[in-house]
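Asker: Next up is a structure, given as structure tokens.
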Amino acid sequence: MVEYWTLDRFEIGRLLGRGKFGQVWLAREREKGFIVALKIIPIKEIQTVETARQIRREIEIHSNLKHPNILRMYGHFHDKDNIYLILEYAGKGEFFKFLSDRGGKFGEKETSLYIRQVMLALTYMKECNVIHRDIKPENLLLGSDNQLKIADFGWAVYNADKRRMTFCGTMEYLAPEMVNNDIHDSGIDLWCLGILTYEFLMGKTPFESKNRNMREAYKKINSLKYTIPETISSNASDFISRLLVLSPGDRMELTEALNHPFIVKHHGRSSD
């Protein structure tokens, strides 16, 4: 039976955050009382055909993904003014804030815990033929049970086996193939995984430039110019260096990464 949603079925609470195309509000479904995050996208802000296509694609992809480390989309509806996305409520909120409150970085055990959860989600997404293309702390949430949740599928695409040329992502996380406007595939998420691991451990991204100078950042990316301090273990260093590889085909695959010593030391081998 198809569930039909309308806004009057929800009691709207406090503002949780603002995104590129709208706001996210805490909400309670009146009949059953369950708590959700309601993303409200004003239709007037969808000003191009490409934006409309991107939002439709985001809804299609996100609503079909069901994994403990991916924020659930329970449904969606619209009226004359807005599009509404009914999302899982992540009780501990924005992962970026959680990271900032911890001084901007984690120790190796905690880093490996959260990176493993990202990898489990990416493994599932690969099975579903999905590339996220914008993995970064700002697109992660944290559930009440400390489960990391990948959110914001605005740049996600189907057909991970096809090679694409759309330029997307965040400057500090851009893979070499994106910087050089080359075709790209699911290898882009492996690069982002390496950047994320580095940032969790170091409190900054590896290819940062002064005043966010794009040309300087791109030069560093293409030359793999970054440093790892000696205080970082050889396992962690090796894990990062095997993901931050210029050629996408030479990056460590997720199955190998899940069983890398950096992960196994703290969490055991994975059968995923």
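Every residue, even glycine, has its Cβ placed from backbone N, Cα and C.
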Asker: K32, K39: which one does Swiss-Prot list with L16, G17, R18, G19, K20, F21, G22, Q23, V24 for the ATP site?
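Answerer: ATP site check in Swiss-Prot: besides L16, G17, R18, G19, K20, F21, G22, Q23, V24, the record includes K39 out of K32, K39.
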Asker: Other than L16, G17, R18, G19, K20, F21, G22, Q23, V24, K39 themselves, what residues in this chain have Cβ atoms within 8 Å of the centroid of the ATP site's Cβ atoms?
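Answerer: Apart from the listed residues, the neighbours are I40, I41.
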Asker: Ten-angstrom check, please: count other Cβ atoms within 10 Å of the Cβ of R18 (ATP binding site), all chains counted.
Answerer: 9
Asker: Which Cβ among the recorded positions (L16, K20, G22, V24, D134) has the fewest C-beta neighbours inside 10 Å?
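Answerer: Across L16, K20, G22, V24, D134, these recorded positions, the one with fewest Cβ atoms within 10 Å is K20.
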Asker: May I ask you to report the DSSP-based helix, strand or coil state of V24 (ATP binding site)?
Answerer: strand
Asker: How many Å lie between the Cα of D134 (active site, proton acceptor) and the Cα of R18 (ATP binding site)?
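Answerer: Cα-Cα distance, D134 (active site, proton acceptor) to R18 (ATP binding site): 17 Å.
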